[in-house]
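Asker: As annotated in Swiss-Prot:
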DOMAIN    29-416  domain 'Helicase ATP-binding'
BINDING   GLY42, ALA43, THR44, GLY45, THR46, GLY47, LYS48, THR49  ATP binding site
MOTIF     95-118  motif 'Beta-hairpin'
DOMAIN    435-597  domain 'Helicase C-terminal'
DOMAIN    615-650  domain 'UVR'
Amino acid sequence: MKSPTKDSKLFHLKSNFAPTGDQPAAIAKLAEFQTNEQVLLGATGTGKTFTIANVIQKVQLPTVVIAHNKTLAGQLYQELKELFPNNAVEYFISYFDFYQPEAYLPAKGVYIEKSATVNEEIKRLRVSTLHSLSTRKDVIVVGSVASIYPTSSPADFAQYSLWLVVGKEYGLSELKTQLIHLNYVVNKQQLTPGKFRFQGDVVEVFPGYAQDYVLRLSFFDQQLEQIARIDPLTNKVLETLNSFKLGPADEYIVNQNDLGVALDTIKAELKDRLKYFERLNFPERAQRLQTITEHDLADLKAWGVCSGVENYARHLEHRPPHSKPYNIFDYFTKGEWLLVVDESHQTLPQIKGMYNTDISRKQSLIEYGFRLPSALDNRPLSYEEFRQGINKVIYVSATPREEEIQLSHNNVVEQLVRPTYLLDPEVIVKPKDNQVEDLVSEIINQRKHNGRTFVTVLTIKMAENLTDFLKERNIKVAYIHKDIKALERLILLTDLRKGEYECLVGINLLREGLDVPEVSLVAIFDADIPGLPRDERSLIQIIGRAARNVHGRVIMYANTISEQMDKAIKETQRRRTIQMAYNEQHHKTPMTVQKPITLNQPIKLKTKSSEQQKAALIKQLTKEMKQAAANQNYELAIEIRDSIFELEKQFRGKIKS
């Protein structure tokens, strides 16, 4: 990644496209920041991310973008990385592929140990984020709601580094100790991020935040003779340096000099807690807590780490009781910065709920003697703390809630006209008494213009039964559900686009993230049933799935028009009216989104492939992922990336077995 240029501008957007439709007006208004909190109400397919990128370019502020799940965060990261190739666009999500938190269920008397699977690449990207924030100003961080969980303090992360200077003398044993204190691990066989090895007078270090280079340190006696960046695959020297600041290998660093102080405060808290249990006559809880804590203290003293070390974070960071943990937003406190909350109608409620969920789980662990009360101080931010850290914020949503509108003091910027000038789809309401037979007729009519169909139902049973029925009527149909892996999901969507399927049936997977321009009909079964899957926002999101095609239509099957249906239909019609007026005034003709189908047939080798075939498939998919990104087809790029991850897991699992 290149460093920023000496140009006065920090951020440089690179794109072959210029803002169109509603984008120029939205960019100009958002960049004014008439209020510190604003809403970008952008209809599906209007290019909201491109608008935000242009705002970043205009305001020239370090930025955090938060999405409500990893998939959307990955899509935003890929897109912004392409748009800002010379800036530090970083990815900050939870590094757990699987996470079962520690818990105690008093009603059952069951203790559940923490269990987790760490994704090393995501872990590296998190360290890369902190490294960039500690060393650069031109940083855009794309994260999930996990961003409100604790991380290393800015002061500590910046402090723990190693300056390497050509000509300076280093004792190799001392250098090894310094690397270990930065959480680097010796590995003589294979260098991966966070590892180092000694080979005579040469030390090779793979920085914990790097991907495309290894640091080679060549010594003559005790003197550092050369610092070189080398290619980790070819060992080719990329460049030589006079000096280098090596950052930590890991996100969390324990200050060895102050460790004794932390151990003393943990012991003091343990002593007080044991007295508390004694007063209440709970000897079993006291004994349990003493055993667990003393074991952890021994490990901390010996290794600087222990199982569940995060529960002692407040002591290790020397924070006062009940204080706010350090988090990613603390790296942005030195000046103005921008926060973008993507899909704010979902992201803000998630942020609100995480604090109380964490407190509730830990209260039982503390009450029954599994953890000290200070464990509560390692927690996500409360919503109030999250709000306190905000500088400037843009809430982005096709369906913002009343809260975001109030927070922005009604400063809502609408972006309804698409770059393709497509209209929001026409919405038709039909009785649901004959919905299945009517759907069959509609799917057959779709064949006239080679259109595809999405159908959303309320239950798994309904989805399975409907899929079976449609198959009996010779409809090429598939059922897409939550248990389908990314690779299989990608195959289904690609086959739908190719025409191998003409219809996909699903439940709640059809609201966000499915971008299939061939879909010209979305059918919503039981649209009048009250509840979250059929509220106004959900219905508008579902309607948006048909907004990529010039023939886009939505059929709501319902015997009555519910209040939520009425609101969604009226909002869709309001948008259609604005879009039609714009097209008429500017003489624009709507065009179906053009999106190449790049995925080739060999992907169907899948899990039954030989290892050689899988390796070839990974190579092919990597090429297609890059091509999709180059074409700005970011949703497909993310789907392919997730498929590569799955294949790599299968590949590694086969090797280990």
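Note: Cβ is positioned from N, Cα and C throughout, glycine not excepted.
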Asker: Which bits of the chain, at least 6 residues beyond where the motif 'Beta-hairpin' (95-118) starts or stops, bring a Cβ under 8 A of a Cβ in it?
Answerer: 126, 307-308, 361, 364-365, 367-368, 370-371
Asker: Taking the recorded ATP site as GLY42, ALA43, THR44, GLY45, THR46, GLY47, LYS48, THR49, identify the other residues of that chain whose CB atom sits within 8 Å of the mean position of the site's CB atoms, giving them in sequence order.
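Answerer: Close Cβ neighbours, site residues excluded: THR51, ALA398, GLN415, ARG418.
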Asker: With a 10 Å radius around each C-beta, find which of these binding-site residues (GLY42, GLY45) has the fewest other C-beta atoms nearby.
Answerer: GLY45
Asker: Could you tell me the mean pLDDT over the domain 'UVR' (615-650), as a whole number?
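Answerer: For the domain 'UVR' (615-650), the model's average pLDDT rounds to 70.
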Asker: Going by DSSP, give the three-state secondary structure for LYS48 (ATP binding site).
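Answerer: The three-state answer is helix.
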Asker: Report, as a single number, how many Cβ atoms besides its own are within 10 Å of the Cβ of THR49 (ATP binding site).
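Answerer: The answer is 19 other Cβ atoms.
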Asker: In DSSP terms, helix, strand or coil for ALA43 (ATP binding site)?
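Answerer: Looking at the DSSP assignment, ALA43 (ATP binding site) belongs to neither helix nor strand, so coil.
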Asker: By DSSP assignment, list the helix, strand and coil residue numbers for the motif 'Beta-hairpin' (95-118), in that order.
Answerer: 0 helix, 15 strand, 9 coil
Asker: Relative to the Cβ of THR46 (ATP binding site), which residues of the same chain, six or more apart in sequence, are found under 8 Å away?
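Answerer: Same-chain residues close to THR46 (ATP binding site) (Cβ under 8 Å, separated by 6 or more) are GLY21, ASP22, GLN23, GLN415, LEU416, VAL417, ARG418, PRO419.
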